[in-house]
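S.K.: Sharing the record's features from TrEMBL:
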- 143-229: domain 'CAAX prenyl protease 2/Lysostaphin resistance protein A-like' (DOMAIN)
- 21-44: transmembrane segment (TRANSMEM)
- 56-78: transmembrane segment (TRANSMEM)
- 99-119: transmembrane segment (TRANSMEM)
- 139-157: transmembrane segment (TRANSMEM)
- 169-187: transmembrane segment (TRANSMEM)
- 193-212: transmembrane segment (TRANSMEM)
- 224-244: transmembrane segment (TRANSMEM)
- 264-285: transmembrane segment (TRANSMEM)
Amino acid sequence: MKNLTGAAPAHQARSIAGVALIIAAYFFINPLASAIYGFIATSLNLTIVSGNTIHLLPFGVVGAVRLILDFFLVVLVYKTLNRKFRGFPLLGPHMLKMAVSGLAIGMAVMSGAILAIIATGNASVSVSPQPFTGAVRNASGWLAFEGLAALGEELLVRVAVLVVAERLAGWRGALIASGLMFAALHLDNPGATGIWLTRLLCQGVLLAYAVYRTGSFWWSVGYHTGWNWASAPIFGASGSGYYVDGHVLTFTPGDAHWITGGAVGPEGSVFAFVAVLAGFLLLVATTPNRRMPPRSSLTTPDAHTA
């Protein structure tokens, strides 16, 4: 029989080191990304935000920088935990199908929330004044760059955070940790409210659950992309406190902030909670439960292992 002396302390030390990496990432990835982007922006004469409107190309540059940094963090976490890269949660069955399914559901539930706001009479929507070819070009560009940004953020919150938290607190604890981190990353967004941050927490838990249910993080990447793309680039609403240039439609909210979401847009609306619930129901209805432990085993200490 193999001698396991020292295995438990080594496991604990790796887990603590993983937590240290996540804490460091929370405090330092954004400043590092800003510094790198600042150098690129100065060289190429780019401006990412004018007022509270984000521009397409600089957003893509920031997304690419963040993606590289977040992937590097995942590599460090995996090496620290002595974890194999092949398999859950980076790779899993039917990844493209899961990403497309998540994209469609994210778009559908966010669009539904916005249409519900309009149906109450608390907002209106109109077509933005731009040529059809320009609208197609802008919408396509935003889809690509929203996907890039979502991929980077999901690597951080639904891969790095998830595997570290699961190691210490099991899969249930990992769901909560991922949701908390998702909300914490947005504390500094313009117009952040308690309602909006609570919705982010709920959505973070949903996306973490989707990772376990589908066997990889690709459904979550798709959903995250579709949600963000529908909000600001398509409907022209504020997304997480920012507007984007080249939006296809123009969303004009009324004064009932609890319905419209206020400065953060429909994401901060009460209808956004309904959208998250709808996203959960559609996830369950359209995906097999690939990795969640059987109900009878949920009370056992080793109900789930990565």
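Just so you know, glycine gets a Cβ as well, placed from its N, Cα and C.
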S.K.: State, in range form, which of 139-157, 224-244, 264-285 has the highest count of Cβ pairs under 8 Å to the transmembrane segment (169-187).
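M.R.: Of the candidates 139-157, 224-244, 264-285, 139-157 scores highest.
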S.K.: Among 56-78, 99-119, 139-157, 193-212, 264-285, point out the range having the most Cβ pairs under 8 angstroms from the transmembrane segment (224-244).
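M.R.: Counting Cβ pairs under 8 Å, the winner is 99-119.
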S.K.: Hey, which of 56-78, 99-119, 139-157, 264-285 has the most Cβ-Cβ pairs under 8 Å against the transmembrane segment (193-212)?
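M.R.: Per the Cβ count, the answer is 264-285.
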S.K.: Just to be sure I understand, if DSSP states are collapsed into helix, strand and coil, how many residues of the domain 'CAAX prenyl protease 2/Lysostaphin resistance protein A-like' (143-229) fall in each?
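M.R.: DSSP composition of the domain 'CAAX prenyl protease 2/Lysostaphin resistance protein A-like' (143-229): 75 helix, 0 strand, 12 coil.
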S.K.: Are there 3 or more C-beta pairs under 8 Å linking the transmembrane segment (56-78) with the transmembrane segment (264-285), counting only pairs at least 6 apart in sequence?
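M.R.: Answer no, regions not in contact.
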S.K.: How about long-range neighbours of the transmembrane segment (139-157): same chain, 6 or more residues beyond its ends, C-beta under 8 Å?
M.R.: 25, 29, 56, 59-60, 62-64, 66-67, 69-71, 73-74, 178, 181-182, 185, 204, 207-208, 217, 220-221, 224-225, 228-229, 232-234, 244, 246, 248
S.K.: State the residues, same chain only, that lie 6 or more residues beyond the ends of the transmembrane segment (99-119) and have a CB under 8 A from a CB inside it; answer 'none' if no residue qualifies.
M.R.: 125, 210, 218-231, 234-235, 237, 251, 253, 259-261, 266-267, 269, 271-272, 274-276, 278-279, 282-283, 286-287
